[in-house]
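Copied over from TrEMBL, here are the features:
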| type | residues | note |
| --- | --- | --- |
| REGION | 1-33 | region 'Disordered' |
| DOMAIN | 44-186 | domain 'Lactate/malate dehydrogenase N-terminal' |
| BINDING | G49, A50, A51, G52, G53, I54, G55, D75, N135, I158, S159, N160, M269 | NAD(+) binding site |
| DOMAIN | 188-351 | domain 'Lactate/malate dehydrogenase C-terminal' |
| ACT_SITE | H218 | active site, proton acceptor |
Amino acid sequence: MQPDSASHRIARVAAHLSPSPRPQMEEGVRPAPCRAKGGAPGFKVAVLGAAGGIGQPLSLLMKLNPLVSVLHLYDVVNTPGVTADVSHMDTTAVVRGFLGPNQLEAALTGMDLVIIPAGLPRKPGMTRDDLFNKNAGIVRSLCEGVAKCCPNAIVNLISNPVNSTVPIAAEVFKKAGTYDPKRLLGVTTLDVARANTFVAEVLGIDPKDVNVPVVGGHAGVTILPLLSQVHPPCSFTPDEISYLTKRIQNGGTEVVEAKAGAGSATLSMAFAAAKFGDACLRAMRGDAGVVECSYVASAVTELPFFATKVRLGRAGAEEVLPLGPLNDFERAGLEMAKKELMESIQKGIDFMNK
Ligand SMILES: NC(=O)c1ccc[n+]([C@@H]2O[C@H](COP(=O)([O-])OP(=O)(O)OC[C@H]3O[C@@H](n4cnc5c(N)ncnc54)[C@H](O)[C@@H]3O)[C@@H](O)[C@H]2O)c1
Ligand SMILES: O=C(O)C[C@H](O)C(=O)O
């Protein structure tokens, strides 16, 4: 057999780096003459909205994840720069950038996990629902791409208003005939991270030792921390319960106001999304006992979507866990959460059926 010539090796590496389309490179920059034989085993992950406030640090964190072999970064702006930057990190994942709707299909083809932080963030004075008109269409078009190019991928949806965008995504997949409720997960991990942080502050312990289930949805009163189920078991005074519940429900607004017009939570959200994405990947690998809160299709209440603890597995949300025992304060909170959630869910469904 003829030994591989240098030009063959370069062509092979170039093909490995970019089956289609070619990565964005500066004029005259050629692919490196390296001798790689192919990708490492692992999962293929796409970040849609990768050049944004969440997308950039999330891309960095996913590039650090040893379970990721291929990382596709898609946005409608600035992906060449973000991709060049992230791709120089000497970790395993091969990074490819994709820019604009013409490259969406290439970005999505073959993906195992698609993480979506695309869309507008809030400014002070806005509710998450005020983002609906802009973000509903963005989520719809990206999910149409998922249905077409990687219908078996697990989707982690971050774009707000999550209470409505998850129902929109479900409707897109139903229309395409690809809907599997297990594979569509709304990301509420930041609510849990905030709850763990604020509870740990009150208790004077390390947040890493705290686990607060946060159920319902991801906006205002729909964010329902179950302080009666905190791990490690502990009790709170009525004042502490009132303070913690308000602070957890208001965590996003606290950041929006502190950023004073420059956006909403990006760094803590990237951390939370990377944590949730890692949990999904570990479960997809076959790890047992991976449990996270997530906003999913659910029969826990009469609503079609609801966030609770979910057992993750190879196929996604394999088991939606029950609420567990609630106290009177939490039962009252649940009724308020359900009322607002129902309207947000219906708004998402109506958007897709008008
Ligand atoms: N689920 C949560 O807990 C949570 C937390 C924080 C923020 N968010 C939401 O995440 C979203 C993104 O926030 P951000 O701070 O990163 O905003 P950002 O404006 O900094 O970034 C959004 C990115 O999406 C891109 N984008 C817009 N349209 C697109 C399209 N059609 N396809 C691909 N990319 C597109 C933009 O170009 C931009 O780079 C917002 O809707 C925000 O409310 C959710
Ligand atoms: O508050 C926002 O608008 C962003 C996000 O939903 C958050 O909780 O930080």
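Placement of Cβ uses the backbone N, Cα and C atoms for every residue, glycine included.
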Where the record names G49, A50, A51, G52, G53, I54, G55, D75, N135, I158, S159, N160, M269 as binding NAD(+), the maximum Cα to Cα distance in Å: 18
Cβ contacts of N135 (NAD(+) binding site) (under 8 Å, same chain, 6 or more positions away): G119, L120, S159, N160, P161, T165
Of G49, G53, G55 (the binding-site residues), the residue whose Cβ has the fewest other Cβ atoms within 10 Å: G53
Cα distance (Å, whole number) from H218 (active site, proton acceptor) to M269 (NAD(+) binding site): 13
Mean of pLDDT values spanning the domain 'Lactate/malate dehydrogenase C-terminal' (188-351): 98
Between H218 (active site, proton acceptor) and G53 (NAD(+) binding site): CA-CA distance (Å): 19
S159 (NAD(+) binding site) in three-state DSSP notation: coil
Cβ atoms near S159 (NAD(+) binding site) (within 10 Å, other residues, all chains): 28
